[in-house]
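Feature list (source: Swiss-Prot):
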- Tyr63: active site, proton donor (ACT_SITE)
- His131: substrate binding site (BINDING)
- Ser210, Pro211, Leu212, Gly213, Arg214, Gly215, Phe216, Leu217, Ala218, Ala219, Gly220: NADP(+) binding site (BINDING)
Amino acid sequence: MAEACRVRRMKLGSQGLEVSAQGLGCMALSARYGAPKPETDAIALLHHAINSGVTFFDTSDMYGPETNELLLGKALKDGVKEKVELATKFGFFIVEGEISEVRGDPEYVRAACEASLKRLDIACIDLYYQHRIDTRVPIEITMRELKKLVEEGKIKYIGLSEASASTIRRAHAVHPITAVQIEWSLWSRDAEEDIIPICRELGIGIVAYSPLGRGFLAAGPKLAENLENDDFRKTLPRFQQENVDHNKILFEKVSAMAEKKGCTPAQLALAWVHHQGDDVCPIPGTTKIENLNQNIRALSVKLTPEEISELDSLAKPESVKGERYMASMSTFKNSNTPPLSSWKAT
């Protein structure tokens, strides 16, 4: 059985950022996975996370949009902010509550940062990610503005999310990248080919989002069957019924292995991510304190090399049917930017 354990600390990247070895993805408290949770319940969960040793919180200006940052601003008042490492993101330009485009131009980078600081009610963001890459703007241009924000004391560390290996390398040459956020789990392993190696070559921390396959590795096909109509996952290829029928086989195999191991499927899947290296920090999200407690206990699940190998063999690319996102969504696979020489500021 997975035991209660203390959440260890880890160095994320090479610039000095220290975080809890498991973070908390905050998106579902406000958006995308059904109706927003009551504010008092959400704040109680955030405070419980801190008291349990999970202090690395992940949000974005597009969660809500904006309401998730406002929630965290309220939850972290009265000195609570000093106990956490707070990451937020920019990049999705929102018009009337809907994503209009991805932007990485200097004017927008600065405006987005200042708006996030105001909503979060803080003077400096610990880790500021470009949420998605603007493929019209050379990454060097975006990074130069982020570097200025570091120099001005508005952000401490810079991160990228869903960026290609070449984009990461070019960005890192302008200013050190502290962390790259990428989907990484037993059912999303395509980052292992190029993204993980470039991060390790450059000393960049790896933040694994959706380490439980957006909940599928915790609840299996019944999750897909019971999604609310306004749940973002209903639109994702992997949650369509024809793909769920295939993907449930992976869940069943993980469940059987977890039963033998004396832990839950979610804990086994999360433990696999934790075992990928000391430079990896998964950020599972949840809206329930009990699930948070269960996720923390995954840190106590020790996997042998043979068990890791068995999980690797279960989670081959052919084990999962359906793309991670709709074709229109920006990911690291379509995130290369024009050469710097092409840029003409307007």
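Numbering starts at 1 and runs along the chain as it is shown here.
Heads up, the Cβ atoms here are built off N, Cα and C, so glycines get one too.
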For His131 (substrate binding site), the three-state class that DSSP assigns: coil
Sparsest-packed of the listed binding-site residues (Leu212, Ala218) - C-beta count within 10 angstroms: Ala218
Pairwise CA distance, the residue listed as 'active site, proton donor' versus the residue listed as 'substrate binding site', rounded so that it is a whole Å: 11
The one of His131, Arg214 whose CB sees the fewest other CB atoms within 10 Å, among these binding-site residues: His131
Cα distance (Å, whole number) from the residue listed as 'substrate binding site' to Leu212 (NADP(+) binding site): 20
Ser210 (NADP(+) binding site) CB neighbourhood, other CB atoms within 10 A: 22
Neighbours of Ser210, Pro211, Leu212, Gly213, Arg214, Gly215, Phe216, Leu217, Ala218, Ala219, Gly220 excl. site residues, C-beta within 8 Å of centre, NADP(+): Ser185, Trp187, Leu223, Ala266, Ala269
Cβ neighbour count (within 10 Å, all chains shown) around Phe216 (NADP(+) binding site): 28
Candidates Tyr63, Gly220: member of the recorded positions with the richest Cβ shell (10 Å): Tyr63
Cα distance (Å, whole number) from the residue listed as 'substrate binding site' to Phe216 (NADP(+) binding site): 23
